[in-house]
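Each remark here refers to the structure printed beneath this line.
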Amino acid sequence: MKTDTTEIQDGETKFNHIGKGANTAFHLVFILLSILCLAPLVFVIIISFSSEHSVMVNGYSFRPDEWSTGAYEFVFQSGGQVMHSLGMSALVTVTGVAIGMALTSTYAYVLSRKTFRYRKLFTGILVATMFFNGGLVSTYLVVANFLHLKNNFLALVLPVAVTPFNIIVLRTFFATSVPDALIESAKIDGASQFKIFTDIVLPISLPGLATVALFLTLTYWNDWKNALLYIDSKSLYPLQYLLMKIERNIEFIAQNAGRGSMGLDSALSRLPSETAKMAIVVIATLPIACAYPFFQRYFVSGLTVGSVKE
């Protein structure tokens, strides 16, 4: 019997063994893929530190003739609206993730409990929203006219706080990672459902929670559509929406500057330069790039466990 077991283990070892040549090839492939992924970001950073004259004369280049911090000086000194929008995006993201996690985790926990009487009903409602929605017009009417959130901070937070995908991921994580025996033991000891949820379920579900929190963070940070629909006040502009407006204004003025309008020519000269636009992109990307490593160790296990719906 021991001989058979040893032979099986040796066979598995040989089957799973990767030779040095194959291992080197895999490393080279993934190094190449990493370079391809990082190259655009590095390129943008280099352009943002290039002088305006170098970009205008030689175009975009990995090796500019002249380096300069003028773009960042423009953003931090003259671009008051940019820094305000950066702060607004951070506030929207933090608030939205907090509200979204509270709503998503409670909904997912209830659906993960087999003893919940209306489990099938609420699961059906959740799944139905993945196939059917009211459309843009009805959503706008509800948010702007019924909830009266036009030019309101909550208009940037509530519309994307809860999504079916996040609930399903977290519901499956709760169902597969939280033992029923643990919950039953807590009930016998007299713990309430809220106590069980906050003191037992949440602490042992950090990978799933971190995964959903990362999804929400990316959603809120990159969102500009809700600002386009519901926000007119510049004090509520998030950074991504401000970037979109800058791009559209530059395109419009550039297309019409040569048609004899001195006002448009003057406006074009005052708009952010190419290097300043790249500096804004770097500022918009940097917070997410810095936040991702804190989620990374939970992300893979949380997504893998929660990705299969039972």
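Backbone N, Cα and C define each Cβ position, glycine as well.
For the transmembrane segment (25-49), same-chain residues at least 6 beyond its ends with a Cβ under 8 Å from one of its own Cβ atoms are 18, 55, 60-62, 64, 67-69, 71-72, 274-275, 278-279, 281-282, 285, 289. Taken from TrEMBL, the feature transmembrane segment covers 25-49 (among others).
Among the features that TrEMBL reports, transmembrane segment is placed at 86-109 (among others).
What TrEMBL records for 86-292 is domain 'ABC transmembrane type-1'.
Here TrEMBL flags 121-147 (among others) as transmembrane segment. With a threshold of 8 Å between CB atoms, the same-chain residues lying at least 6 positions outside the transmembrane segment (121-147) that come near it are 107, 110-111, 155, 158-159, 164-165, 167-168, 229-230.
Feature annotation from TrEMBL assigns transmembrane segment to 153-175 (among others). Within the same chain, residues 92, 95-96, 99-100, 103-105, 107-109, 111-112, 126-127, 129-130, 139, 143-144, 147, 201, 205, 207-209, 211-212, 215-216, 219-220, 223, 226-227, 229-231, 236, 238, 302-303, 305-310 sit at least 6 positions outside the transmembrane segment (153-175) and bring their C-beta atoms closer than 8 Å to a C-beta of that stretch.
According to TrEMBL, the transmembrane segment annotation covers 196-221 (among others).
Feature annotation from TrEMBL assigns transmembrane segment to 278-295 (among others).
Residues 41, 44-45, 47-48, 71-72, 74-75, 79, 82, 86, 89-90, 210-211, 213-214, 217-218, 221, 239-240, 243, 246, 272 of the same chain lie 6+ residues outside the transmembrane segment (278-295) yet bring a C-beta within less than 8 angstroms of a C-beta in it.
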